[in-house]
Amino acid sequence: MKLNCRSRDIYTSISNALSSTANKKDLQKLHSLLITFGLSKSLFLSGKLISKYSQFKDPNSSLLIFRENSLTNNAYLWNTIIRAMTHNELYAKALEFYAEMGKLQVKPDSYTFPSVINACGSLMDLGKGRVVHEHVKELGFDSDVYINNTLVDMYSRCSELGRAREVFDEMPSRDIVSWNSLISGYTSNGYFKEALEVYTQLRIGGLMPDSFSFSSVLLTCGGLGEVEEGQIVHGLVEKVGAYKDVIVSNGLLSMYFKFDMLNNCDRIFNEMVRKDSVTWNTIICGYCESGFYEESINLFLEMVDSFKPDILTITSVLRACTYVGNLKLGRYVHNYMISNGYKCDNIASNIIINMYAKCGDVLHSREVFESMGNHDLVSWNSLLNGYIENGLYQEAIDLLRRMKKSFQPDFVTYVALFSICTELANVNFTEELHCDIIKQGFGSTQILGNALVGAYAKCGKMEDSLKQFETMKVRDTVTWNSIIASCGNSKTSSLGLTMLSRMRKEGIMPDVPTFLSALPLCSYLIAKRQGKEMHGCILRLGFESNVPIGNALIEMYSNTGSLKNSILVFEQMKTRDLVSWTAIISAYGMFGEGRKALIAFQNMKAAGIFPDHIVFIAVIYACSHSGLVQEGKACFEQMKKDYNIVPRIEHYACVVDLLSRSGLLTEAEEFITSMPLKPDASIWGVLLSACRASGDMKIAERVSEHVLELDTNDPGYYVLASNVYASLGKWDRVRKIRTSLKAKGLKKEPGISWLEIRNKVYYFGAGDRFFEQRKEVVELLDDLSGLMAKEGYAADVRFVLHDVGEDEKVDMLCGHSERLAIAFGLLNTKPGTPLMVMKNLRVCGDCHTVTKYISKIMKREILVRDSNRFHLFRDGSCSCKDHW
DNA sequence: CTAGGGTTAG
C-alpha cells in the first residue's frame, strides 16, 4: 500500500485510500494511520471505516468505532452503523440502534430508513415494520421511491402482500426495482398468478425488465407450470441477451427443471459461461428431484474439481445419497464437511440426520441429532422416522416421550407414528395416539383419519376401525381403500365387498390399490361374479397392464375356481414378474395340474426370472397335490444345490406334505427326524393329518405325542391330536387335551362352509341347526344316505371326534358344514348346474367320499375349495386323485 | 432497495 505523503491533504489521501481498500489488513493499517494523524474524530472518515469493516465481516470493529463517536447528533453515523449491522445480518442490533436514535432524538433522514426497514423484513417483524412505516409517513418520506421499494419488500417478507400492493399502488413514481420487489414478493409467497399479472403490466407499461425481473418471473412460470409463458419470457431473455447474467440463466435452469424439461437444462447449463454456486446447486438439486440421483452425484463430483461447494451444495448431494441409499458417499461428504470446517445450520443437520437414518445407520443419525444445539421439529421428526423405518419402535416411543417435554408433536410426527401402531398392532398406543390427534386438532385431517381406519383394523379392533370410518365426514379413495383392505380376511370379506359397492355408489373412483385389496376378497368368498365385475372395471380404467393387478387377477381367478381365466390373464400380461409366475404355478398346483406347474417353472427360468424361496414352495406343493413325489424331491434338491437357497421350515413342511400325501408315511417320519431344523408343530401337523386320512394310527399316535410336547398355541394341532385319540377310542386323552385347550384359553376354529347363490353368500357351521330350509336340507341328506348306501357307501366314523354312540356319530358327520352347504346348493340351483363350495378348514375324509357319491348320483360337478386346494368332484371321483 | 439453490410424512 502506498500512501502519498507528499500530498498536502492527508485527509483526502486517507479518504481515497479507504475507498479502494481491498482487504482487512490494509484497512487496519489505514485505521492506525488515521489515529496517528488525529483524524479519528472525523465524522466522514469514521463512517467510511465503519462501512469498510462491515464489508470485511468485522462488525465488532465497526461497533467500536461507532461507540467512540456516539456523542454526535448527526444521523449520518447512525445510518452507517445501522447499515453495517444489517449487512452482517445483525438485524436486531440494527433495530436497537434505530430505537436508541429515537431516544436521543436524533432525527432520521431518508438514508436511515432503507436499512431499518430491511432489518424488519429480514426479521419478519411486522409489528416493528408497521411502526417504522408510520415514522416514514410522519417525516414525509412517503414519496421516496427508494424507501417505498424497501417497504414493498418488507411487507412481502412478512407475507403481507395486501399491504405490499397498497404501498406499490400509492407510490407517486416507480422504478424497475419497485416492480421487481412486488413480483418477487408474490412469487416467493406462492402467489404465482398475481406475480405474472404484475409482470404483464410491467411489459404493457413499456418498461424493460432487467435481470432481477427475469429471474423472478422465470420462477413464477416454473411455479405455475406455464410452459408457454415461460418460453415467451425465455425468448425475450435471448433477444436482449439477458442470459449472459448468471442470475437469469439460473432462473431458466430452475424453470425448466420444474417443467421436467431436462434436455433444456442440460443445454443451458453447458452454454453458461459463468457458473456460480447457485448454478451448481440448482442443477444438482434439480437432477435429484427428477429422480436422477446418480447424475446428481456425478455432477457434484465434477463440480468439486473446480469449485468449492457451499453448505447448500453439500446438502443437495446428501439428499441424493439419501435417496439412493449411498451410505458410503454420504459418510464421505459428511466427513469432508467436518474436516473443512463447514458450519451446519439446523436444515443441514436435519438433512444429515435423515441421510444416515435412511441409509440404515441409525447410530450416526442419533449422534448428529444429539450433537445439535437446538433441535427443531424437523430434527425430532427425522430421528423419530429413522427409528421407525429401522424397526426400532421402542427407541421411537422413548424419543417421543422426550420430545413431548419440549416440543408439541405436529402433523408429520403423527403420520410417522402410525407405522408403529400397524407394526406392533398395539391397541393402547393406537388409542393414545387417537386421543392426542383429537386434542391437537388434527382429528378431521384426511391423512390421519385414513391412517386410524387402518391402524385399528391392524390391531384387530374392527369395530373401532368401522366407527372411525363412519364418523369421517370426507372419505377419499384412500379412506375407502383402507377400510376395504381392513376387511381382508375371511370373516369380513363380504363386508369388504359391500364397502366396495358403497364406494362406487358414492362416486369415488377406485384406483390400483383399491383393486389390490378388493380382489382377494373375492377369493375368500369364491365371489366369482364380483371378481369378473372387478376385472371389467379394471379394463375400463386401463389398469390391466399394471403387473401387481395382473398378479392379483391370476390369484382371484384361480381361487374362485377358474384355472382357465387365470391362464388367460397370465398369457395376456405383457410383463410378468416372479410373483406372476408364482401365482400361475400355485394355480396349477391347486387344480392338481402338477405337470403343468413344472412346465411353467421351466418356462419361468427360461424367461430369465431367478427363483426365490417362495416360488419353490409353490412348485413343491404343486407336486405334492399331484402325487409327483420324485419331481418334488428333485425340486427341493435343486433349490439347495443350484440356487443356494437354504430351506426354511416351510420348505420342510412341503416335503413332508409331499411324502405323506402319497402315503409314504414312514419316509416322511424319517425325513422329519433327520432335518437340520427343529421340527415345529406345523411339520408334525402335516404328517398327522396325513396319518389320519390314511388310517395309519400307529404313526399317528406317535406323532400326536410330538405335537403335544411342543406345547403350541395353535388350537388346530390339538384338534388333530385329539381326533387321533378319538379314533382310537382313547377318550381320556381326548378330555385331557380339551381341558388343556381350555386352560390355555384356546378355541378350536369352527368349521365353516359357504357358497354364493344368486349374489348372496350363505354360511353353514358344523352342526348348525338354524338356517334357511333346514328341514329340506336334512331330508335331502337323508335321501342321499339311502341312495349312497345302495352304491356301497359306509360312513367312516373315524372322522368324528366326539365321545358319543355310533349312530350319533353318523348324524354328526351328516352335520359337517360342507355337506350342509352342498345340500343347500343342490336344492337352490337348477339340475346340472355346477356347484362351488368353500371351506375354511381342510375337507374331512368322509365328506370327501360322500361328495364323490353325490356328484355321481345327482349328476353335478361340485367344486370344493378347502384351506389347501381345489377338489373338483365329477361322476364319482375327485380331481385330487385322493391326494388331499 | 429488488434475484436465484437446501429439511421430516403421505
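Backbone N, Cα and C define each Cβ position, glycine as well.
Those TrEMBL annotations? Automatic predictions, nothing curated.
Not measured: the values here are computed from a predicted model.
In TrEMBL this protein carries:
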REPEAT    A:74-108  repeat 'PPR'
REPEAT    A:144-174  repeat 'PPR'
REPEAT    A:175-209  repeat 'PPR'
REPEAT    A:276-306  repeat 'PPR'
REPEAT    A:376-406  repeat 'PPR'
REPEAT    A:476-510  repeat 'PPR'
REPEAT    A:577-611  repeat 'PPR'
DOMAIN    A:792-884  domain 'DYW'
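Across the repeat 'PPR' (A:144-174), the DSSP tally of helix, strand and coil residues reads 23 helix, 0 strand, 8 coil.
Non-local neighbours of the repeat 'PPR' (A:74-108) in the same chain are 43-44, 46-47, 50-51, 53-55, 57, 59, 62-63, 66, 115-116, 118-120, 122-123, 125, 128, 132, 135, 139; each lies 6+ residues outside the stretch with a CB under 8 Å from one of its CB atoms. Outside the repeat 'PPR' (A:276-306) by six or more residues, the chain places 246-247, 249-250, 253-254, 257, 260, 262, 265, 269, 312-313, 316-317, 319-321, 323-324, 326, 329 with a CB less than 8 A from a CB of the stretch. Here the repeat 'PPR' (A:175-209) has a mean pLDDT of 95 out of 100. Across the repeat 'PPR' (A:175-209), the DSSP tally of helix, strand and coil residues reads 26 helix, 0 strand, 9 coil.
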